[in-house]
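Q: Quick one: the structure is below, and I'll ask about it shortly.
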């Protein structure tokens with residue numbers, strides 16, 4: 001109104017100045033201590049406040065999703081759908097899928113059972129010393145890893161299908177080692193003909209966890225959920241969560257497997273795979289096929305669709321597939337990842353990204369290196385990086401038929417100095433930005449380097465890829 005005094009601009013040099021927000025609330029001086037005193041409150045300073053992050057995140061994600069899918073739809077309208085959804089009818093696809101199931105269930109799983117049975121027999125029969133028993137177990141662990149990969153190299157199936165078989169075989173070997181170390185050796189073994197113990201071991205093979213936890217294996221998922229109404233986190237003690245009554249426990253047990261939950265997660269997994277296929281064929285494959293090198297503009301050109309495919313694959317594996325396995329095996333732990341997107345150090349990122357692998361590295365590599373080999377924590381951490389890089393390199397090299405050691409160089413040599421450098425930025429926003437740069441520009445590009453090399457030297461004989469991607473033959 002005319003009688004109201006004119007508004008005067010705020011004086012930035014005043015310590016007791018309060019800045020009105022959009023709701024008319026005045027902020028206290030303690031909320032402005034991060035703002036330089038010789039500047040007025042601006043939009044960028046407002047966006048830097050943590051309480052404003054959800055709004056900025058939602059807006060940025062919405063704009064990114066609209067822009068990316070607009071380009072995707074325009075590309076489909078201009079060039080047509082490059083993804084051939086009829087590829088599932090090709091005999092070559094079913095041949096490769098059958099080979100994958102053969103490697104997993106006929107080769108890898110029986111090898112794991114044989115390794116457990118022989119180690120348990122040597123331990124209970126007292127035919128040899130404990131050192132010989134452990135040596136025999138180590139030899140069988142190497143055979144569990146080597147034999148399935150030799151068969152995969154001989155058969156030369158599609159890289160994605162081969163990668164699944166390779167990862168499953170490696171996980172079976174790691175699970176067998178964890179079960180023998182944490183249960184068989186601690187209990188002095190079991191009777192060789194104990195079918196209940198053998199069934200317990202076979203159940204653990206298909207549980208989405210690499211470290212054997214007797215407390216978790218003996219509890220039902222519904223029993224653990226009654227007290228809190230949520231799935232227990234990885235490593236959380238289940239005994240503290242059981243606060244429900246006996247009637248609730250029996251009612252939870254009687255429900256059995258929730259097939260609706262299994263079906264819904266299966267639908268989510270299929271949707272993620274379909275989305276990945278369309279994005280890869282429309283936005284990634286044409287660039288990788290036509291590019292002479294991935295250094296420079298081509299790597300930036302596929303940056304957004306490549307990371308979208310990684311996020312979808314992460315959701316498909318760690319959320320959908322692992323939830324299905326946990327439900328079918330009645331396993332109580334349902335959190336297989338943590339908030340890696342909030343990590344401020346590279347080391348913290350790897351701890352949160354894949355909780356089962358991180359727990360296996362801690363229990364079976366890091367702690368034994370410190371306690372038994374008398375290594376320093378830094379040397380033990382470097383050993384974890386080396387072994388992890390070697391196992392990842394084995395899977396990618398066998399799948400893509402080109403051992404270029406990208407995981408050893410980019411995944412180990414460059415990660416170690418980044419881990420040390422990011423420790424100085426722990427808890428800061430710059431540390432989180434460094435973690436995201438490492439993920440967006442490093443880890444995602446590393447996987448596509450394998451596809452780039454494979455397409456240059458080995459894709460001519462892959463009938464699955466030729467039926468999967470419509471323009472693969474014409475592009476060559």
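FYI, residue positions are counted from 1 along the chain as it appears here.
Placement of Cβ uses the backbone N, Cα and C atoms for every residue, glycine included.
The shown structure was predicted, so the numbers you read here are calculated from the model rather than taken from an experiment.
Features from TrEMBL:
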ACT_SITE  392  active site
COMPBIAS  1-12  compositional bias 'Pro residues'
REGION    1-34  region 'Disordered'
TRANSMEM  99-119  transmembrane segment
TRANSMEM  131-151  transmembrane segment
TRANSMEM  157-174  transmembrane segment
TRANSMEM  261-285  transmembrane segment
TRANSMEM  297-318  transmembrane segment
TRANSMEM  433-452  transmembrane segment
Q: Does the transmembrane segment (99-119) make contact with the transmembrane segment (261-285) through 3 or more Cβ pairs under 8 Å, each pair 6 or more apart in sequence?
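A: Per Cβ check, the transmembrane segment (99-119) does not touch the transmembrane segment (261-285).
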Q: Report, as a single number, how many Cβ atoms besides its own are within 10 Å of the Cβ of residue 392 (active site).
A: 20
Q: Against which stretches of its own chain does the transmembrane segment (261-285) lie, if we need a Cβ under 8 Å and a gap of at least six residues from its ends?
A: 71-72, 75-76, 79, 81-83, 302, 305-306, 308-309, 312-313, 315-316, 319-321, 323-324, 327-328, 448, 468-470, 472
